[in-house]
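Visitor: Pulled these features from TrEMBL for this protein:
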DOMAIN    7-412  domain 'Enolpyruvate transferase'
BINDING   K22, N23  phosphoenolpyruvate binding site
BINDING   R93, R122, P123, V124, D125, Q126, D311, I333  UDP-N-acetyl-alpha-D-glucosamine binding site
MOD_RES   C117  2-(S-cysteinyl)pyruvic acid O-phosphothioketal
ACT_SITE  C117  active site, proton donor
Amino acid sequence: MDKLLIRGGRSLQGEVLVSGAKNAALPELCAALLTAEPVTLLNVPQLQDVSTMLKLIRNMGVVAERADDGTVRIDASGLNTPEAPYELVKTMRASVLALGPLLARFGEATVSLPGGCAIGSRPVDQHIKGLAAMGAEIVVEHGYIIAKLPAGWKRLKGARITTDMVTVTGTENFLMAAALAEGETVLENAAQEPEISDLAEMLIAMGAKIEGHGTSRIRIQGVEKLHGCTHRVVADRIEAGTFLCAVAATGGDVVLRHGRADHLDAVIEKLREAGADVQAVEGGIRVKSPGGATLKAQGFRTTEYPGFPTDMQAQFMALNCIAQGTATVTETIFENRFMHVNELVRLGAKIQVDGKVAVIEGVPRLSGATVMATDLRASASLVIAGLVADGETVLDRIYHLDRGYDCMEAKLRGIGADIERVKA
Ligand code: EPZ
């Protein structure tokens, strides 16, 4: 397995390009299944999860070509196997996003239950509840979700859907299913993430009738058919937030080209309170910092958007490890999203975890060591810690990082970090 070799202590200067958002590109690749006409996605990030999703839709009979410039051309006219098999789904839970589109366009879908992952059990019961409310007959057996329309039905029927909790991919499945359903669908406690709005904009470009995206109530008027479109994937706010935390921790002055400050209010607010200077600039975000050791540690609670994102919890914790004072971090979304803590402690951090709460006491310095990535954002947290630790940090199992970050080490090297990938 590849490793990352990081020598800490450098400040970061210059400009880095923020890629397209993983969590927008994945549902948008599935949205292309809703039409037999060609769909072109621009600014698709080069990630392992995107490669997996391309494999999944090609497995259905879809033609999908990815160019080096991030353009992906999809032709789902030949889709003949509305299935998402276990061997692909087990490596990427987001495969469940095929469920809504396949049901909406073909009236049937067989999608493997995703199973849990490192950060939690990740059930999809709410996806099933919402699609059943639209008329789908769904059974779960032998590890598969088997969904179909009732006999004689041509389309799903619009419904009013209120899920037990806010679910991002659940909202996305409902948006895609409702776009082709008969009548109106109202999502009462929809997720409000920017990736939801980006997906809605793509569906509208395909002819869908959607309003309220970006708020907790979304209304969709189903249409008979959707046509092709060209859509540019929105910039990745979590990649941008990760780089903001990295520069805040190491110190420096960096512009994140294409970064959207308006998608990162909660994180930027905390970075400013810590003492970093973060400003929206023409075409991006500029962050300046004297270095983590001079910043003030910030407590926070993760909540649904527009609150502090759970996907930024591990990265900000790395900053708190060396900032001044003690901070309390509460993870309210996932039940097991503190696996980076033990590895940060190996680097000299002082962290106590009790259930959903972690208390971080800032220390003057971290010391490099060999650490292990356990999940995507934990990996990013350990990269940030390695960038500030004294000496050399070796990060193992970085396939976790490759799932969600497009050439992170090359981007960091481009702004002055001493980091290299050691091929297995
Ligand atoms: C999406 O996951 C993201 N993934 C996650 O990003 C992100 O952490 C998460 O939203 C929360 O923001 C993609 O968009 C591909 P949820 P998702 O459904 O949709 C529970 C990353 O690092 N729940 O919003 O799977 C669930 O267990 C990844 O990029 C049910 O109980 O998350 C969790 O506690 C990690 N039943 C909470 O709701 C359901 O049917 C929120 O989950 C659905 C969810």
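Any Cβ shown, glycine's included, is placed from N, Cα and C.
No curator has checked TrEMBL annotations; they are predicted automatically.
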Visitor: Least buried of the binding-site residues D125, D311, going by other Cβ atoms within 10 Å?
Guide: D125
Visitor: Measure from the Cβ of N23 (phosphoenolpyruvate binding site) and count the other Cβ atoms within 10 Å, all protein chains considered.
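Guide: Cβ-Cβ neighbours of N23 (phosphoenolpyruvate binding site) within 10 Å number 25.
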Visitor: If you check the recorded positions N23, C117, P123, D125, Q126, D311 one by one, which have a CB less than 6 Å away from any atom of ligand 1?
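Guide: Listed by sequence, the hits are N23, P123, D125, Q126, D311.
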Visitor: From the Cα of N23 (phosphoenolpyruvate binding site) across to the Cα of D125 (UDP-N-acetyl-alpha-D-glucosamine binding site), what is the distance in angstrom?
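Guide: Rounded to a whole number, the Cα-Cα distance is 20 Å.
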Visitor: Return the member of P123, V124, I333 nearest to the residue listed as '2-(S-cysteinyl)pyruvic acid O-phosphothioketal' in space, with distance defined Cα to Cα and candidates limited to these binding-site residues.
Guide: P123
Visitor: C117, V124, I333: which of these recorded positions has the sparsest Cβ neighbourhood within 10 Å?
Guide: C117
Visitor: For P123 (UDP-N-acetyl-alpha-D-glucosamine binding site), which DSSP three-state class applies?
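Guide: In the DSSP reduction, P123 (UDP-N-acetyl-alpha-D-glucosamine binding site) maps to coil.
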Visitor: Reduced to three states, what secondary structure does DSSP give the residue listed as '2-(S-cysteinyl)pyruvic acid O-phosphothioketal'?
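Guide: Looking at the DSSP assignment, the residue listed as '2-(S-cysteinyl)pyruvic acid O-phosphothioketal' belongs to a strand.
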